[in-house]
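> Just dropping this structure here.
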Ligand SMILES: C=C(OP(=O)(O)O)C(=O)O
Ligand SMILES: [Mg+2]
């Protein structure tokens, strides 16, 4: 029933206005699925390779599509093995991880369509759909997502005490609005960055004050605990030649960076710190995790790139206590699932994530529910971000 009869690929716009790959998968009984690849800006050195959309589409049409016809969409591993076989490299550099992930997600949706089940249930089983991830909402940002703003890439609201996913989603939107008020009161103008977060021209120190104040105001209003966290995207701050983290005119050694982050965790009671250190420094990650991992999540994004081998190295070293899962970093849903399972077996929390360049695709909302992830990072406002947040609200309302 779920045998694939056709795979079509096209170029569509992503949220930055760049071309990305969209895939449609059809099955012999009329099942239909559509998936679109997101795209990063602060990409990790060890991510699977994204090719220019046109090139990726041409290569996938030539090498992958013929292999996929006849494969059962309901057998996700068979689909993803066919993609790996068609590519023949470790990093999808032959057909592009963008076509691979778009097809992998489209096939899953086509299978769910045939089965008449929501995607999260097809991927996660009959008992999923009761637990929901806490959404991490980007409210202030800079780094590679907005020039002339903060050095730290993302300040993330974390509504850890929300009684429901819907209340959590609305709390993050309220923090985003409260940040605008606080900035306005301080006379700071702010545009938005790639993910819809405010991108004010202020120091990191002032951004901490602004977010702290905005979170306090909303916490008082909603009556449940809201904390906040960071994506420091420190690999982007790290200068290999200087062997130091560069914050404008200031630099910090690895030891100073560890000290700085540990201090921030305590001062602001941070719930979450992603990529606080360079992607090649497992040792420093381990040291920081040892110091503050009992009271906050230290998450590896560029460090692990959703890759089981890199995650295993991290587990062996005691580096981080959580992993960011971005399916396009590794190329297929099966690979992303493997990373989630390895993390879960070793007590690492999982955080399913969007990219800074996104589309209306909602797969990651389903993936988070299907894998029982503790957190999802998918922005706060903006259509490509609310697409995922609203899908979570619909899943909770049994309306998908
Ligand atoms: C979402 C992120 O940004 P990008 O997609 O640019 O890697 C991130 O670094 O976590
Ligand atoms: Mg990151």
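Cβ coordinates are placed from backbone N, Cα and C, and glycine is handled just like the others.
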> Just to be sure I read the record right: 145, 154, 301, 353, 354, 355, 356, 377 are listed as binding substrate in TrEMBL. Which of 185, 267, 274 is listed for the same site?
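According to TrEMBL, the candidate sharing the substrate site with 145, 154, 301, 353, 354, 355, 356, 377 is 274.
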> Among 231, 239, 338, which residue does TrEMBL name as a further Mg(2+) binder in the site formed by 274, 301?
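Looking through 231, 239, 338, the residue TrEMBL assigns to the Mg(2+) site is 231.
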> To which of 192, 326, 388 does TrEMBL also attribute binding of (2R)-2-phosphoglycerate at the site defined by 153, 355, 356, 377?
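Same (2R)-2-phosphoglycerate site in TrEMBL: 326.
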> Rounded to a whole number, what is the top Cα to Cα distance in Å among the residues the record ties to (2R)-2-phosphoglycerate, namely 153, 326, 355, 356, 377?
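Farthest-apart Cα atoms in 153, 326, 355, 356, 377 are separated by 17 Å.
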> Just the binding-site residues from 231, 274, 301, 353, 356 whose C-beta lies under 6 Å from any atom of ligand 2, please, or none if there are none.
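Passing the 6 Å Cβ check against ligand 2: 231, 274, 301.
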> Whose Cβ, among the binding-site residues 274, 301, has more other Cβ atoms within 10 Å than any of the rest?
301
> Which of these binding-site residues has the least crowded Cβ, counting other Cβ atoms within 10 Å: 153, 356?
356
> Validating a neighbour-count step here. Other CB atoms within 10 A of the CB of residue 145 (substrate binding site): how many?
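Excluding its own Cβ, residue 145 (substrate binding site) sees 27 Cβ atoms within 10 Å.
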> Provide the three-state DSSP residue tally for the domain 'Enolase N-terminal' (4-123): helix first, then strand, then coil.
51 helix, 26 strand, 43 coil
